[in-house]
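Q: Dropping a structure here in structure tokens format, bear with me for questions.
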Amino acid sequence: MRYVLSRSFLIRSLTTKSSNTIYTCSRRNMASDTRTYSHAIDKLNTLQTPYAVIEAKKRAGIRPDALSIREMRAYITRMGYSPQDLDRLNIVHVAGTKGKGSTCAFVDSILSHYKKTHSIPRKTGLLISPHLIAVRERIRIDSKPISEEQFARYFFEVWDRLGSNPTAFDLKSDDPKTISFGGKPIYSRYLTLMSYHVFLSEGVDVAIYETGIGGEFDATNIVEHPVACGISTLGIDHVYVLGSTVEKIAWHKGGIMKPGSPAFTIEQVPSAEKVLKERAAEKDVDLKVLDIDPRLEGVAIRPDASFQKKNATLAIALAEAALKKLDPSFSCDPTAPLPKEFVDGLEQVKWRGRCEVKEEGKVIWHVDGAHTVDSLRMAAWWFADECSKRTGRKVLIFNQQGRSEAVDFLEDLCNTVKEADPAGNGFETVIFCTNVTYAKTGYKQDFVNHQQNPKDIEKLTMQRLFADKWSAIDPSAKVMVIPSIEQAIETVRREVEYVSDGQTVQALITGSLHLVGGALAILEGADAL
Ligand SMILES: Nc1ncnc2c1ncn2[C@@H]1O[C@H](COP(=O)(O)OP(=O)(O)OP(=O)(O)O)[C@@H](O)[C@H]1O
Ligand SMILES: [Mg+2]
Ligand SMILES: [Mg+2]
């Protein structure tokens, strides 16, 4: 069965209006009223590379290269800093295909708990990507997203500094002072630069950095002396930028290792591990490949899955390396139990949108931002395991905008859930929607995305492709194509009509962190963080 909802809302949804309350500024003059959080996000959104430019670059074979790093150095100089200033931040640098953000969140949480008892570190900084609900989540101090006021203030300080310091045009030179270019850095680079300014201004003494894409040429890779580097699980993603084999991808990710800085990774597929070891040898780095830390026995890591234990293992090693540098009295004994601060940090970490369960009356929402083959398989197993605790119909909301290869993920998702059910029941209702947040007002301001083909969103091209595929895989499922996340959620809520007493609707929302963030914004209110 196939259903496609009315698309009358689409014209409105494509004119992207803010649904946020505008931050009310205490400063009264006109100039400061144009410098609110909402204005900052609007300006930031103009730095997204538009879809047409991305496509043109692909056609011309333009990929990030060493020039990207030289440009970042030039921007840092224009902001009034030098790359050496970043050494004050004692950066923990993390790359990987999956588990980067989770690993960073664990490190951040361990260090925050350590701080409570030892007053070291003074302040932690965290840069992560992408954001789930609001852009300011990406830059955190002492584990909390910076406030709207801080975001607006630092955003415009960087804006002014970058605009007021143009230098000569010579991108070939290695001297950052002679490198200049007219415009502003693109979105992710801007936020990385802004994070340096925030952390240096706020006196952060340990900062955890998640790479954006890859490592070697990533915006975060201008740090020369990280306090430790970690490489989480490698797999296939971002093939246009990084290459289509795990070896090529490993080469990029291995680019974050630096001579003189401890480096760690966890078990990888052998060909990836080989490349990482070669990259380490090239840089004279002693890369440690860690087995799951036996000290995790009895520590309640959520979810209780081996991938998460790998992330936790990496995080422990990174936190230990940082504390060795920051606290002369810190010593770690791998044969003794984990210190309490480490256990608390791992068990109490807050990492939204990953393996999250939310009960809403008879609807049990399972929310996970998985979006690669491997992580979607993990998400499917996790959902199947959760479903074994209750009874009731299973419902899926899925999207992955702009990646037609995502169609190949669906069969695995369908079969994993079916096979795990003792009665062989799979998803009864399957909804494919866009990442457009609201039916009437379009995207929440923090989710505006110029990087997707607007025609595909208007015509629901991807969603129709997914729906056709699902109908072929599982003809008994009710398959629907729905234009917005809000309408998809409303549709699932109506499914409670079909469940009998004692049963629940078990809904999985997955396929994209943008989808999951939008869904949480609707389930909890626009500014839920
Ligand atoms: N080590 C891992 N191996 C495989 N899958 C993982 C691993 N860690 C996390 N995942 C899955 O990937 C999802 C995203 O995790 P996380 O945000 O930590 O990854 P990330 O590397 O930061 O991803 P992104 O590319 O979105 O920045 C999780 O919800 C989980 O399903
Ligand atoms: Mg990624
Ligand atoms: Mg991430």
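Placement of Cβ uses the backbone N, Cα and C atoms for every residue, glycine included.
The following feature annotations were taken from TrEMBL:
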type	residues	note
BINDING	SER129, GLU210, HIS238	Mg(2+) binding site
BINDING	ARG354, ASP368	ATP binding site
Q: Look at the binding-site residues HIS238, ARG354 and tell me which residue has the greatest number of other C-beta atoms within 10 angstroms of its C-beta.
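A: Neighbour-count leader: ARG354.
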Q: Taking the Cα atoms as reference points, how far is ASP368 (ATP binding site) from SER129 (Mg(2+) binding site) in Å?
A: 15
Q: For a quick check of packing: other C-beta atoms within 10 Å of the C-beta of GLU210 (Mg(2+) binding site), how many?
A: 24
Q: What's the CA-CA gap between SER129 (Mg(2+) binding site) and ARG354 (ATP binding site) in angstrom, rounded?
A: 14
Q: Whose Cβ lies within 8 Å of the mean position of the Cβ atoms of SER129, GLU210, HIS238, the Mg(2+) site, other than those residues?
A: LYS100, GLY101, PRO130, SER188, THR211, GLY212, ILE213, ASP218
Q: Using a 10 Å cut-off, grab the number of neighbouring Cβ atoms around the Cβ of SER129 (Mg(2+) binding site), all chains included.
A: 21
Q: Inside 10 Å of the Cβ of ASP368 (ATP binding site), count up the other Cβ atoms and send me the figure.
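A: The answer is 24 other Cβ atoms.
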Q: Three states by DSSP: which one describes SER129 (Mg(2+) binding site)?
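A: Reduced to three states, the DSSP call for SER129 (Mg(2+) binding site) is coil.
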Q: State the three-class DSSP label for GLU210 (Mg(2+) binding site), counting H, G and I as helix, E and B as strand, and everything else as coil.
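A: Where GLU210 (Mg(2+) binding site) sits, the three-state DSSP reduction gives strand.
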Q: Could you round the CA separation between ARG354 (ATP binding site) and GLU210 (Mg(2+) binding site) to a whole angstrom and send it over?
A: 16
